[in-house]
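Below you'll find the structure I mean.
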Amino acid sequence: MEDLYKQTLSLVKPSSSRAAFVCFNLWSDTKFDLATVYVSDAQYNRNIFFGTSPQAVRLYLLYNHLFMQTLVYVFIIINLALALFEDPAVVPLPIWATSTIEIICLSAFTVRMVHYAKVIPRDKFWKDPKNICIIVIVTLSFIDLTIYGALKATGYFAIRWSRVLRPLLLVNVTEGRQLRRAFRSIRNALPQISYVFLLFMFSVLVFSLMALKLFGKRGLLTIDGSPYFTDYLDIVFDLYVLVTTANSPDVMMPAYNYSVFFTIFFILYIVINTYTFMSFFLAVVYNNYKKYLKEEVRQLVKARRFKMCRAFSLLRETCGEGGEPVVTQAKWNHLVKLVKPNISIAHQELLWSVLDDQNKGHIGKFAFVQLADLLSIQVITVKSQPHPIQICFPSMYNSSVSRFIRNVVHHRMFVYVYDLIILVNAVFIGLDEENPVVSNAEWDFVLYAGGYTSRQILDIVFILRVLRLIRLVDSIKRFRAIINTLIKIGPTILTFSQLIVVVYYIFAMVGMELFKGKVQFFEPNSTSPDQEYCGNPLLKGTTFAKLNYCKNNFNNVVSSFIVLLELTVVNQCGFTAVTHVSARIFFVLFHIVVVIIIINIFVAFILEAFLVEYTVDKSDLQTSLEKKIEELELNVQQDGVDTGLVDAMESNDNELGPSEAGKQKPSLMFKIASRK
């Protein structure tokens, strides 16, 4: 702290009391800026070592500015999207155009790295693996771009091998913390997965050997006339694909047609490998995910507490002679306003009342370090206002008829009856709506049985359609818990989506270099004779060509992504016929990485998220916040304003006034939106 003060003194040399006062204000502002950075880092779980000089703090604030972070992702997206315009392209562009765009993107990444190097100490910069990765990726991309351009200009064949490195920028940028954690989850789960995978492959190899001995010498033929289960490596691949059920029941039909008893072999294989081992994979991944998740959380809590202690040491004062260090309410308010500029005064006062529950006017270190956790609790500020009909027509809204209708709509029997009517209505939606008999049959079915006339039916149909709108709103409330849960896990789902994009992009780049032009697609009105075998004679008579899979190719990045999406759930082995049998390694490797590892980690996360949502109790800090809201009589009642993230309205332009102590409902109320 003394060093910081000396740096401020060097900027302004006080020669008078006025200059000394200006110097003290500069020092005070610098302390608040640094404390703001510490609290903000603790709130958003940023663990970056940066210099504490005023210039370093300003550079760090600029580095973490939302505009700068958005700009980085814009350049990353543009860099990844270049695959749409490069050979093989969806929309071809000249080499000079794509090269210029890529140079601009790589230059932007370089400037970002230089900015980061100015923020953190030099020794920390070179010890950070992600910085080394970005430098290597940018350097290799420049080298590959230069070589590729030179070879193309002289008419030689060239490959853009550095394109597989592009998605790794998404992983290694500073903002990709969540994505790096996902990769760490994969890395941590790999040892245990490898043990199960070895057992799984041993089972596949044993069953393949049994299949060779059982069916190899019986002269069985497949549907296309080729020998059935006579080559050991082909059997291994076919049985591996059977685990995905992509070739079921085709792979077992020749044996089944020969003898019904041979189905016992395939039943045992499916039970052991498809259900048992695949379940083992999920169990191992989930167990490792929970184990390392706890360690990740422990490290985050430790880093958050360290940051908050640093912020407290900047703002602390001594309470009386020999008293404990504290932070006053004035400093706390100024700090919160810097960390969260859009926070309302009412919300700010609410948070302070939770920390300073004894109204001392200051808080100690233990209470101060909870500020980051308190700001992470999402509190909905709801503006209390009556129903619009109650404002415009109060007498009608408060009439006995209106109250009766509202009670009927909220009654349990109304829910059951109307849900039944909606079910009947949904059945008739799929029928011919233009036929008046069908369009009103849903109502005729219910109402004619009651002996109503046609005129009465039309009136009742009108009333029921009005009630349908009311019931629709009420139905949304019933699903609010699930919707809110999906919203809360949305950011992490987005993280795993980025993980899928990274893996897909790498495999798509490799697939395009291996298989581009091997399979051609012809429009349906084409008269070319090559259309029969997808433009490749090696596919003539194959199932791939007969089923018209010609559009499943690696001729551009869009088609490649679609093929990889299909590979996530089914097998696509037609490319082995146009290249080499070793091409199966590409597809098996993709299945292992995406389906066995990444998808299982994603399922493990979904399971853990829902278990946490429905089983974990609220934290002590959140409970204290809710109690304080109820104590001040500012809580949103269940039968009052709707709650949740779905339909809550936030208001920052209303404050709690001193005159709201009467019986009238406060104009501003609060509700905890997040349970964790």
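Just so it is clear, glycine is given a Cβ too, placed from its N, Cα and C backbone atoms.
Predicted automatically and left uncurated, TrEMBL annotations should be read as such.
Grabbed the feature section from TrEMBL, which reads as follows:
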- 67-292: domain 'Ion transport' (DOMAIN)
- 446-610: domain 'Ion transport' (DOMAIN)
- 648-668: region 'Disordered' (REGION)
- 66-85: transmembrane segment (TRANSMEM)
- 91-111: transmembrane segment (TRANSMEM)
- 132-151: transmembrane segment (TRANSMEM)
- 193-216: transmembrane segment (TRANSMEM)
- 228-246: transmembrane segment (TRANSMEM)
- 258-286: transmembrane segment (TRANSMEM)
- 413-431: transmembrane segment (TRANSMEM)
- 443-464: transmembrane segment (TRANSMEM)
- 485-507: transmembrane segment (TRANSMEM)
- 557-578: transmembrane segment (TRANSMEM)
- 585-607: transmembrane segment (TRANSMEM)
Can we call the transmembrane segment (258-286) and the transmembrane segment (485-507) in contact, meaning three or more C-beta pairs below 8 angstroms at a sequence separation of 6+?
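Taking Cβ pairs at least 6 residues apart, the transmembrane segment (485-507) and the transmembrane segment (258-286) are not in contact, as fewer than 3 fall under 8 Å.
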Does the transmembrane segment (485-507) come close to the transmembrane segment (228-246), meaning at least 3 CB pairs under 8 Å for residues 6 or more apart?
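In this chain the transmembrane segment (228-246) does not contact the transmembrane segment (485-507) - fewer than 3 Cβ pairs sit under 8 Å.
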In this predicted model, what is the average pLDDT of the domain 'Ion transport' (67-292)?
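Average per-residue pLDDT within the domain 'Ion transport' (67-292): 90.
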Do any residues, 6 or more residues outside the transmembrane segment (193-216), come within under 8 Å Cβ-to-Cβ of it, and if so which ones?
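For the transmembrane segment (193-216), the list is 228-230, 232, 235-236, 239-240, 243, 254-255, 262, 265, 269, 272-273, 277, 280-281, 284-285, 592, 596-597.
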